[in-house]
Amino acid sequence: MWWFQQGLSFLPVALVVWSAASFIFSYITAITLHHVDPLVPYISDTGTVPPERCLFGIMLNISAFMGMATMYVRYKQVHALNPEKSKITKLNKIGLTLGLMSCFGLCIIANFQKCILYYIHVIGACLTFGVGVIYMLVQTILSYLMQPEVHSKDIFWIRLAVLIWCSSSIASMFISSVVLYSGLYGTNLVQKLHWDPQEKGYTAHLISTVSEWSLAFSFLSFFLTYIRDFQKISLRAIVSLQGQTLYNTPQSFRTDEQTLLVAGSI
């Protein structure tokens, strides 16, 4: 059995690979059609003009649902390992809420393009990465609280390093973006897809775009730390037949509370 076939480790792997592919495929399409500059454009710029906009949107929507599935499985795992620890249980619920908010923000990014509805796009980015980094912080704290009984110290330090990487990228992008859009280098820069290296503001633009790519991949890298944890999780389906035919629904089935046909267990 390959390592990615063990347990549910395919979930975080699929999330990272699919999300990275959505950025890379959109980037390749955009530069092939000369819609953006080849040298580190904004990720959002590579999903602004059709046809890459369509590809970008549908792939990120799928990423959002895979992210929700991954975060929910993580929530159930922590809950199963620490059923009686109130502090961990509370943080675990907070983490799940933050994670779902982050995935919702990713849907906003996918469906509201930067050059069309800029402020809504920014709200989506804040939810995805701003709330997402708080989700990473909560999971890192959980890893600290669960060591050494459940987690090794190594996984805590790895998650902490990725969290610092992601936070540094956010700080760098925020500062450079404030400088870039302060009005010193002109107006309506949101609509600008092509830059000349000789233009004023190009350095701030380049720092901002590099920081955005760094932020995206640091955020995705965090989910790679779930692989070993998810290898220890398995799902099994339990099918409960409520009758011998599919024509009539038994009265007991309509009144019984146990209406779940397929259930997952960890």
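Cβ coordinates come from backbone N, Cα and C, glycine included.
Features reported for this protein in TrEMBL:
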DOMAIN    8-233  domain 'CWH43-like N-terminal'
TRANSMEM  12-35  transmembrane segment
TRANSMEM  55-73  transmembrane segment
TRANSMEM  94-112  transmembrane segment
TRANSMEM  118-145  transmembrane segment
TRANSMEM  157-182  transmembrane segment
TRANSMEM  202-227  transmembrane segment
Same-chain residues at least 6 beyond the ends of the transmembrane segment (55-73) with a Cβ under 8 Å from one of its Cβ atoms are 8, 11-12, 14-15, 18-19, 21-22, 25-26, 29, 46-47, 95-96, 99-100, 102-104, 106-107, 109-111, 135, 223, 226, 230, 233, 266
If contact means at least 3 Cβ pairs within less than 8 Å, sequence distance 6 or more, would you call the transmembrane segment (202-227) and the transmembrane segment (94-112) in contact? no
Confidence summary for the domain 'CWH43-like N-terminal' (8-233), mean pLDDT rounded: 90
Below 8 angstroms Cβ to Cβ, which residues of this chain, lying six or more residues outside the transmembrane segment (94-112), approach it? 44, 47, 56-61, 63-65, 67-68, 71-72, 74-75, 78, 120-121, 123-129, 131-132, 134-135, 138-139, 142
